[in-house]
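The block underneath contains the structure these notes are about, expressed in structure tokens.
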């Protein structure tokens, strides 16, 4: 009897101890989409109590302050603000046993939307045909951004010319229609947030420098001629390398095809050189090339015989004119030297006003010689230059034969200079003609008098 009472007492005590020491169920608090969110995002906090009971009532706290009157196991922030950041906890209560559960604390961070920066390579101003890369950088630790591109506020779609790889938009073979204002921003997969839109970047597309091709001589040309093709690029740059094409095939330098900077020279042109010629410029820096020139058609005709004859005649005429010019120059120099010799042999101190007339010159044993003289200059009495006086030219020999003489000489006087007073008589006594000067006397022949011996 006593032992039975003792056993019952021990059993009741064990039941009481087990009820007093029962552990409360564990609570777990989760945040969606993440513990770090951006302003404007929708945030959901969920409280999960590990219990088979479903009659729990929930209470939400931020720090020690209750933030919701809702009794459900979720707490929703529709548009997060920076003021929503803090430590959150949830508690569960029920009427029965167990009657209470409290979660751990969860930190919520709310950041401003990340900024986006857009850059353009190679430059904001590009040339037609160039490849352009636009890169969007987002200031965020997240790496799962999905990028959105807009041009003039219109969303761009991928195409053959527009390709997107992660944060880079590539435009192949830019055209003038690609010019405009570009922006970018990022979206995180599965979330309602996006980065801030980047500042607009202006893209300008310019035409490549124009190229003009000229040919000298103008087409058609004749076989054997030398032809120069010149490539002119409308650009301030001077470091161009020139590319030449004939019928769309690139030309290589050879013995007949030589390139000197912007000029292609074709020597001894033949009919095989006929065709369409174009040129363009290449350089290492931007712009890397110029536009291709408009094609020039080169026609080559066979040289005709009449053209050859014409060339010979023209060449001969030029040579003849050159020879005649040399001959006239020589003649002029010779006459000038003769004039200088006459002036140097003139007698000084003659009258300034002398007059020349036709008169016979007479010596003891010679015929009369008549001279046509021309007065060259009249001098003042004070003029001391003895060389500026009268020049005699075109001396005419009037032959008279004196039969009484044993022998007679015909004498020719040329270029006789006369100084002194003007003679009133045409007959001049040779014996007393002290005012006459005879220069350059040439004996042309000797004749024997009739009836005289040697």
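Cβ coordinates are placed from backbone N, Cα and C, and glycine is handled just like the others.
Residue ranges 259-282, 283-306, 307-330 are listed, and TrEMBL annotates 307-330 among them as transmembrane segment. Looking at 90-110, 111-131, 132-152, the range tied to region 'Disordered' in TrEMBL is 90-110. Same-chain neighbours of the compositional bias 'Polar residues' (99-108): 24-31, 35, 37, 43, 45, 47, 49, 51, 56, 84-93, counting only residues six or more beyond its ends whose CB sits under 8 Å from a CB of the stretch. For the compositional bias 'Polar residues' (99-108), the DSSP counts in helix, strand and coil order read 0 helix, 7 strand, 3 coil. When pLDDT values are averaged over the domain 'Ig-like' (209-299), the model yields 94.
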